[in-house]
Amino acid sequence: MHRLSKRSVNAILRSTSGARYRDVAAPISSADADSKGRWYSTLTSGTCNVAGSTKLFKSRNEPFFGCRYESTAAASDTSGSPSEKYEYQAEVSRLMDLIVNSLYSNKEVFLRELIRQCYYVMKSFLLHSRFLMQRGSNASDALDKLRFLGVTEPELLKDAVDLDIRIQTDKDNGIITIMDSGIGMTHQELDSKDAGADSNLIGQFGVGFYSSFLVSERVEVSTKSPKSDKQYVWVGEANASTYTIREETDPAKKLPRGTRLTLYLKRDDKGFAHPEKIEKLLKNYSQFVSFPIYTWQEKGYTKEVEVDEDPAEAKKEGEDETAEKKKKTKKVVEKYWDWELTNETQPIWLRSPKEVSKEEYNEFYRKTFNEYLDPLASSHFTTEGEVEFRSVLFVPPVSPTGKDDIVNPKTKNIRLYVKRVFISDDFDGELFPRYLSFIKGVVDSNDLPLNVSREILQENRIVRIMRKRLVRKAFEMIQGIALSENRDDYETFWENFGKHLKLGCIEDRENHKRLAPLLRFFSSQSENEMISLDEYVENMKPDQKDIYYIASDSVTSAKNTPFLEKLLEKDLEVLFLVDPIDEVAIQNVKLYKEKNFIDISKEDLDLGDKNEDKEKEIKQEFGQTCDWIKKRLGDKVASVQISNRLSSSPCVLVSGKFGWSANMERLMKAQTVGDTSSLEFMRSRRVFEINPEHPIIRTLTEACRSTPDDEEALRAIDLLYDAALVSSGFTPENPAQLGVKIYEMMNFALAGKWGTVGGYQQQVNQQPHIPETVEAEVVDPAEAGGQK
């Protein structure tokens, strides 16, 4: 293929850029003007009054609108030309039925599809392709072919009209007219039988064209190709098996080039014919189409008109001959109809990031997503290679209210465009994972794979690559906030979206290295300000090998737990995981910078100060005591061991290495559908650790050696276990029984200290009654003798 040089291409662009549209609504021919200088629009039956000095054609620097219209769209009239009747292919009939009844989820996409088709036709103007069949063409390839054919076939550019789209509505009759100045079609291209075998599958039009039957009972396509002197009209009806083609003979409806679609709406869908509705749909779906889209809108201007004077006032003024008479006027608003440019906003993502200011990004964010606050951060980038797309992403300043988006990925925060045509904002994790659903932005691709209705992404390799790159850019944005000099920005982000990142630690193992530096926690050395894992690692002791943490329901509870005693003595920092999701998130991360995460409430805690000889001596001294306590507690604990984590508390109840912590057990109990069988199994793995230096443990050791069967000593073991259960964060099985034990010990402790009152001393010395837990007996109503 012959290739043009860059200089030649630029020359072609300069030579073709002078083709401009005329001043009125549609191309004007000699038949459009009458002897009084009145001009008619091919889309209207109304008139536009033009002064004698008004120019018929505008120059390049003049504004587009030069005249005013006074009418609305009119229904098309019948033509006297003979019509040829054709049968749809069987596949096309089935396709139309599928499109109307099940392909599209929303009727309003019909306008997007028709504008999209017109848009691609104009992008591929001068291509030897049929009307509406360019939806799969690459835009850049189409433009390259346009430049090439513009040199080899200059006669195709003989009609100096701009490439644009115009939409006019008649709300009274329920009619929408869409006109473009694209390539148009010849009779051979219009007839699917003559067009060739490649069009038999979907007819002479593309799939998107048939979406017009979502809202239309009849559709007329009037089209004129620059390669033909004749204009033809295609007419089809919903639920019909035939269509007709005739030649256009009405001079008032002749087009210099392009296509005019006239939609006669169904009774229930005539609301789409309101100009306000059309403008709203265009701004939503086709706001960023590079070609201008004009809509026929009612406007008004204010002018002063003379008013008739009141006779009484006129007589009074006439008496004063010296008074100067002034004509009375009032301001009125005169209505008129005119073309208005609808898509005047240029896509910000098509510009170079260096040319866009922060204020422009903020304004785009607020306008696109209906926000009133500026985003915390933005990212504007272009991805090239095997997958090409442009995107602008934003981090919102606050989390949405009214619903918990952490469990609902369908947040409508990502707006997907294909060649600047809006496709959808309703996705279920195709472009972003659930934990990043708070990210807002736009994604524009030229060759994104979509399903036939263009509303759902197809799961394939290209989509996965896009998702991966979008996620990486999102993390770069968040990391930029974290590294900002203003620490308050990330505190604001973490307060709103910290749970999302913790959820990511659970769901996205591939991005743990990106997620972990973004996590923030309170600690034993920072109870009022959250720290990062990097800050924790920097503060670690030289011989410290692990990252220690404790999970609890609050910072106050965490800092008073007995598990911290020995670590605080050694000045070892411990992370406080006080959010319900924290513990699961950390367990999924497992390690950070080759440092393992260690739960200090689990057994086999290694603080790096083991002395095997000393441990051996302690075990020999207190081994009998451990066995004695284990025998008393039975299946309540898995074992009784000497603790290396206590300094002031007599004992603590720790979880098994692979069992639930006290915090996790509390959360699992709170689950609506919690599995009690697994709960019982995990509870049996608790380990009872004692502090051999504490006086209570030494006293019990003496009791074990002298009187192991003493009832008071055994009850002391029970109370010791219950106290450890509470202080370690677990929930007692029988709180009332625990209360009775505490009252008993208080009686012994306070007995005779301040004397006796009445017979209370005798009650103290008696054995208190401890209620036992008994199983309730179910009594049949008949056996109860009818008693209530």
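In case you wondered, yes, glycine gets a Cβ from its N, Cα and C as well.
What TrEMBL says about this one:
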BINDING   E113, N138, D180, M185, Q204, F205, G206, V207, G208, F209, T259, R454  ATP binding site
Practice problem: Based on Cβ atoms within 10 Å, give me the single least packed residue among the binding-site residues E113, D180. | Solution: E113
Exercise. Would you count the other C-beta atoms found within 10 angstroms of the C-beta of G208 (ATP binding site) for me?
Key: 24
Quiz prompt | C-beta crowding around T259 (ATP binding site), within 10 angstroms | solution = 25
